[in-house]
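Undergrad: Annotations for this protein, taken from TrEMBL, read as follows:
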REGION    21-41  region 'Disordered'
DOMAIN    47-123  domain 'Ig-like'
REGION    89-115  region 'Disordered'
DOMAIN    138-216  domain 'Ig-like'
DOMAIN    240-410  domain 'Ig-like'
DOMAIN    427-497  domain 'Ig-like'
DOMAIN    501-585  domain 'Ig-like'
DOMAIN    594-670  domain 'Ig-like'
REGION    637-659  region 'Disordered'
DOMAIN    685-763  domain 'Ig-like'
DOMAIN    887-957  domain 'Ig-like'
TRANSMEM  968-989  transmembrane segment
Amino acid sequence: MSDEVSIFISVLNTLLYGKAQGQSRDPAEGADESDVEKGASTVSNTVTVTLQPNVSEIYRGETITVRCEIQGGGDTEWEYEWETTTSFKPSNQHEHRISSASSSHSGDYRCKGRVKSSQHRTTEWSSSVRLTVYDNKPRPVLTVSPSWLSPGASVTLNCEVEHPSAGWRFYWYKTVPDLSHNYYSYKLLPGNSRGTEQDSYIVHGQTHTAGYVCRAGRGDPVFYTDNSEPKFVWSGDLHPAASLTVNPDRVQHFYSDSVSLSCEGNSTEWRVKRFNEHGSLSHCSDWWRMTGSTCKVYLSSPINAVYWCESGSGEFSNAVNITVQNDYYGIILVSPVHPVTEGESVSLGCRFRTEEKLSSVFFYHNDKLIQNDTRQELNISAVSKSDEGFYKCQWSGRKSAQSWMSVKVSNSITVILQPNWPLIYSSETITVRCEIQGGGDTGWMYEWRPAKLNKPPSHNEYRINRATESDSGDYRCKARSEYFLTEWSDKVTLTVSPRKPEAQLTADKTAFPAGGSVTLTCSVNPSPGWKYFLYRDNKLSEPLTTHDAAFQTTGRTSVSQEGLYSCRGGRGAPVYYTEYSHSVSIDITVSNRAVVILQPNWSEIYRGETITVRCEIQGGGDTEWEYKWKTTTSFKPSNQHEHRISSASSSHSGDYRCKGRVKSSQHRTTEWSSSVRLTVYDNKPRPVLTVSPSWLSPGASVTLNCEVEHPSAGWRFYWYKTVPDLSHNSYSYELLPGNSRGTEQDSYIVHGQTHTAGYVCRARRGDPVFYTDNSEPKFVWSGDLHPAASLTVNPDRVQHFTSDSVSLSCEGNSAEWRVKRFPEHGYMSHCSDWRRMTGSTCNIHLHWHNDAVYWCESGSGEFSNAVNITVQNDYYGIILVSPVHPVTEGESVSLGCRFRTEEKLSSVFFYHNDKLIQNDTRQELTISAVSKSDEGFYKCQWSERKSAQSWMSVKVAVMEPKSSSSPVLLIVLLLCGIVLIILLLLCCCRKSTDPCWNRLTQSQRENKATDKTVSHDDNQQQTYSSLLQGQFFIYLSMFS
């Protein structure tokens, strides 16, 4: 065809159709128009657009190939032309691969072919193929059936992809709680690592609450959907790894009730999940707060929901239904949250929002009326499977919601050991068996824990032939039949000990008299099933009791022959033997008697003392003995006749007993001696000294008593006088006369003590000598002043008020002083402990309210008089004003009564030894000439207030010569003195010839020799006595 003709046709086409050659048109308009335009002819081949894979609906990111295929083309070579309604324009190729589809690829696709060798020979346009690309990645929808597990039922999962299309493979997962990230991880279910072509999957053997997820994949490379939302299958059965309990324990609750959901099991981390009736899944922190493992729910919305726990270790608990009653005047059914086991009893009730129990209630089971009398509860004494179902209650026209009560099958499954030995030993044989009670003839398949027992086929028992330590552990089993699935049994613990056990042989006594017998008992603890074999005198190949069936069973037998016995145990088939027991020596007793004695005979001693424990056999004659000891102490004596404990300690405390064995016959012994108890005290004893009296009376003796803690015999007592040592703030001690070797008596009498003094004692005993510590010093006090050391008090009275300032001043033959105090609670101290000495004065501020005795001690070792200070603590109280020091007979004294202020009180009652002696208006009690009868306790009373009582001491007057200025008297005294001197001179001249004089001087020499052993205190006493005698003679010479 010439160019002119072609132009003509093109112009004609424009006139007819209004379109120029080469302009595009809708692919639906057909192929003829183009041929006309081009003047081409069509061929008969059919053109088809295909999709690879053949999926017309795909998702963003998928890969697909659009292909133009010409049928019946033979060997013809073709060129291709494409038309689409999309913005994506394929090139003129046979096919186009869309690697990552998007919505721009959505549209209709058609194509045609042109013969390469003839440009005007083409096919018709193919029919259009529509491709749809969805922008959103698909999320499949998972359904789970059933929602609640029944024993033995399978769980069916279905996974559906939105805009269903072909080519998908489905992947199935079990959810695993991940509390740290507050979501789930997913674990592929068995048998679908490459996915399944079917959009369903069956889970067998699921017994507890579980969550599932699915997703789908197709294409090459594989395009995956998102994961589906988790869906759950719930079980109401509790199990140890994770359980949920509800408080109050019922299914139905009222709107605004508080409910506690508590998680328990093998984890410390928990979350409570909720799936409500509207299909919304949430956890406790979305609507309340977890406290530990408990979620407290305030039912603020009338939404029914399923609740369960998820643990940090990936476990799901049982699930519970919570139904909410929104009607304020409505009623609820009280029914158990958890399944009820067959054979158990259950009670259902009906109640208002208040705690009232309703009576005359109608109860329905699966909408059938089953009780309509006056009772308050529906009681089922023994639940059966037929009782399972929906229950509701009705009262006075009001009906509760209905709740499901689940009943679980009572097939009881137990692991037993045959023989029933929970403890066995290496190389023993045992069988582990799984038994189902109430299982009938149902064909069961068994599953074991530990998993090593799950070897096909699933047997109900396993025989462990030569047990090893690796067989130790907990054994559990469960069983499945076509219709039933049991729970896991309780665990049975098997322990395999690697050590061979040793038998134990005991005797009720190890010795008996001739003609007697003993009972021997052989045992293997703590496991049962043993037979016992007895042997004597190390003849281990010849058991004595193979004929004794009773001994083989019980391990007990009686023997009447002395010897060395042992035993062992055996059990099982083949027989497994224990080690032999330790040998027990059985002896015949002789008539001799063993006795334990202590030398010295002290049953209570102290750490460091020496004592001998001796075993003596009475009536032993010339027999030679060996000795055996038993003690309850950690000290174990050797088998000797006696044991010397050189330095005793508490480890030696206990009971000692012994027996003797005849050397020439090893099985002839005495009986055990009686026990002797020895007690060794760890602390060195400190004796307690008591002094009587505490206050000196003229001419009275002082009695000292020294008591050692845990009194026992053998002590000698030593008595000392304390001497103040101000440089070391302590005392030194001087031995009192006549006890350089101690005294056997625990008392000592001091004669002639006239002033305050301190005493100490200690005790000793044993060889070598053991000394106690010194006792605490104890004092005898005198109120009399004396020149060497005296204490004065300012204000000069016995009683004072708290917060008073009191000066205690020491005077005498020393420049150094300390003031001591002994309060009523018995803790002795000195001025620097509670105040400060200023020179020889201690100024005290009576902050405390303890009465006390005070005295001075000098640097030269002297004690002063002592004074009582009594403290009035009552702010509004009164005190008696009485002298601190003793009053001399014949002197006058005045006693008063006063407040804390300086007021003198009038109209005061005065008492002497609790007897009222003055009750007039006077302010004072005045005694013009004191006598010894006035000594005693005084107190005062004013307007119902009474003072404390204080002692007023009266000392006897010492007669002194009256002074005289008479010259005559002076002359007489002078003459008497001259006469006395002359008489002494005459005696001196005659001393060498007078035997009386010689006797006197000899006596003086002996006294001087004796005086060398007397302490400083003895010299003081003798000197003091001499002074008294000298005063007496002068008094006589002066007034005779």
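Glycine is no exception: its Cβ is also placed from the backbone N, Cα and C atoms.
Automated prediction, rather than curation, is the source of TrEMBL annotations.
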Undergrad: Does the domain 'Ig-like' (138-216) make contact with the domain 'Ig-like' (427-497) through 3 or more Cβ pairs under 8 Å, each pair 6 or more apart in sequence?
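TA: Yes, the domain 'Ig-like' (138-216) and the domain 'Ig-like' (427-497) are in contact.
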Undergrad: Taking 240-410, 427-497, 594-670, 887-957 as candidates, which has the most Cβ pairs under 8 Å with the domain 'Ig-like' (685-763)?
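TA: The stretch I would name here is 594-670.
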Undergrad: Need one number: mean pLDDT over the domain 'Ig-like' (47-123).
TA: 90
Undergrad: DSSP on the domain 'Ig-like' (427-497): how many residues come out helix, how many strand, how many coil?
TA: 6 helix, 32 strand, 33 coil
Undergrad: Is it possible to list how many residues within the domain 'Ig-like' (594-670) are helical, extended or coil according to DSSP?
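TA: Across the domain 'Ig-like' (594-670), DSSP assigns the residues as follows: 3 helix, 39 strand, 35 coil.
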